[in-house]
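Feature list (source: TrEMBL):
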- 36-480: domain 'Major facilitator superfamily (MFS) profile' (DOMAIN)
- 75-93: transmembrane segment (TRANSMEM)
- 105-122: transmembrane segment (TRANSMEM)
- 134-156: transmembrane segment (TRANSMEM)
- 168-188: transmembrane segment (TRANSMEM)
- 194-215: transmembrane segment (TRANSMEM)
- 285-303: transmembrane segment (TRANSMEM)
- 323-344: transmembrane segment (TRANSMEM)
- 351-374: transmembrane segment (TRANSMEM)
- 380-397: transmembrane segment (TRANSMEM)
- 404-422: transmembrane segment (TRANSMEM)
- 428-445: transmembrane segment (TRANSMEM)
- 457-476: transmembrane segment (TRANSMEM)
Amino acid sequence: MGGGPVVATGGTDFSHLVDLSKPWYTNSRLVLLNACIALLLVTSATNGYDGAMMNGLQSLQQWQEDFDHPAGQELGILNAIQGIGGLIALPLSPYLNDGFGRRSGIVLGATIMIVGTVLQSASNTIQMFIGARFLLGFGCCFAASAAPLLITEVAFPTQRAQATSLYNSLWFLGSIIAAWTTFGTFHIPNSWSWRIPSALQGLPSVLQVFMIWFVPESPRWLMSKGRNDQALHVLSYYHANGDKNAPLVEHEFQEIKTALERDAEIAQQNGWLSLVKTPGNRRRLRIIIALACFSQWSGNGLILADLGKVFDAIGITDPTMQLLINGILNIYNFIIAISAGLLCDKAGRRPLFLASTIGMTVFWTGQTICFGIHSETGSIAAGHAVVAMIFLYSAFCESFSSKGIAFTPLIVSYTVEILPFHLRAKGFTIFALAGSLSTIFNQYVNPVALESFSWKYYIFYVVWLTFESFFIYFYLLETKDVRGDVHLHSSDADTRS
């Protein structure tokens, strides 16, 4: 469960104000700044760790025995409760981040996650484990809402896009660590086989609580509170070696000041109803809600959260093999997600969306057929074919969707591009809300439906993915190489109306 998506915005061209003759790593203050940003990037990896860890724990026999083999609605609640915690924190996080600063949001979120990790690692009942996971989701939302904002607002101008892209991608790094940690602890013959991965989840949060005070506060936030001198110090210290009169610092300072004045003016003119006042904005709203739902309802929930149950159903019951496949799949997904992000500006958004949805439909259909054959005939080959189809499906899925609301470049960049600046914050709040609700529903329903309908439940996603493909074809426009606000409707001359 993530907070807000990270947007790598280009903004103003700073190239004429920056000395590009020397590598950044020769500047000690830029090295220090990037070390601070690395600490913030940990938040995304923590979120990814959580998702993959829960997938791995369900393959651990000791975890199953300690919690009396949770299944059906109980397993659904166990999977969904983290998302519920994040959903409850979602409307609170903007007030914390804007009122008390970005660092405060990270500290509060990390502290809550530490408490959740302790309870999760010490759990001896399923109720205690569920309560701990609620706290993890609640805290993660605060941290994941604040960290990307702080990264964007303190990063050196020419490195901002790379820093924000790294945040989106490191979710999968966390998932890789979790998958292979559970694989490594599998052979421990007691509850430490699952308590160790659970406890390790809290280490990044401990690091952030103690080290966050070395990270500079956002200059934008400082100026919004009238603390201009402190903001100027941060900009000059990290971006110009302490020179407050450097052209780059003066330019950034003035740009932030102008943006804050513009935001204040726009805030008075544009309420939430602006999202539905014009045909173009209504189309934008329809698209971003659809994309948020598609990112969670494309069958990926079964692979990300319920893979152990799927393996059991297709005859792969050896926990070692389940954990090994899970670990390899996470590495595979990481490579695919990075590659998809690099293709966004080359292939265009619409072709990638279409290729993704059509590819997912084809290979999910293949999964369904093979799953059905195995269930009806007991064919071992058909069961193995399901695994192959999962990898082929993931090649298209990870270029389109992701676990939680914060990570895949394609879906985030498109949402940014179709929203005009003055509606972007509100649009992303709707995007996050729709994604969170979809995740909770998905995580609760999937294990229950899989237990009740077995392979026949897969047919629902065949139909749904077909609908997604038609929606993408008829409603999504190409935004490649389009600069500024995109007008999606011929009568949408004024998005503010």
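Each position is counted from 1, following the chain as shown.
Heads up, the Cβ atoms here are built off N, Cα and C, so glycines get one too.
Between the transmembrane segment (194-215) and the transmembrane segment (380-397) there are fewer than 3 Cβ pairs closer than 8 Å, counting only pairs 6 or more residues apart in sequence, which means the two stretches are not in contact.
For the transmembrane segment (457-476), same-chain residues at least 6 beyond its ends with a Cβ under 8 Å from one of its own Cβ atoms are 283, 286-287, 290, 294, 297-299, 302, 349-350, 353-354, 357-358, 360-361, 364-365, 367-368, 371-372, 414, 449-450. Recorded stretches compared: 105-122, 285-303, 351-374, 380-397; the one with the most Cβ pairs under 8 Å to the transmembrane segment (428-445) is 285-303. Remote same-chain partners of the transmembrane segment (105-122), defined as residues 6 or more beyond its termini with a Cβ less than 8 Å from a stretch Cβ, comprise 40, 43, 46, 93, 96-97, 128-129, 131-136, 138-147, 150, 195, 198-199, 201-202, 204-206, 208-209, 212.
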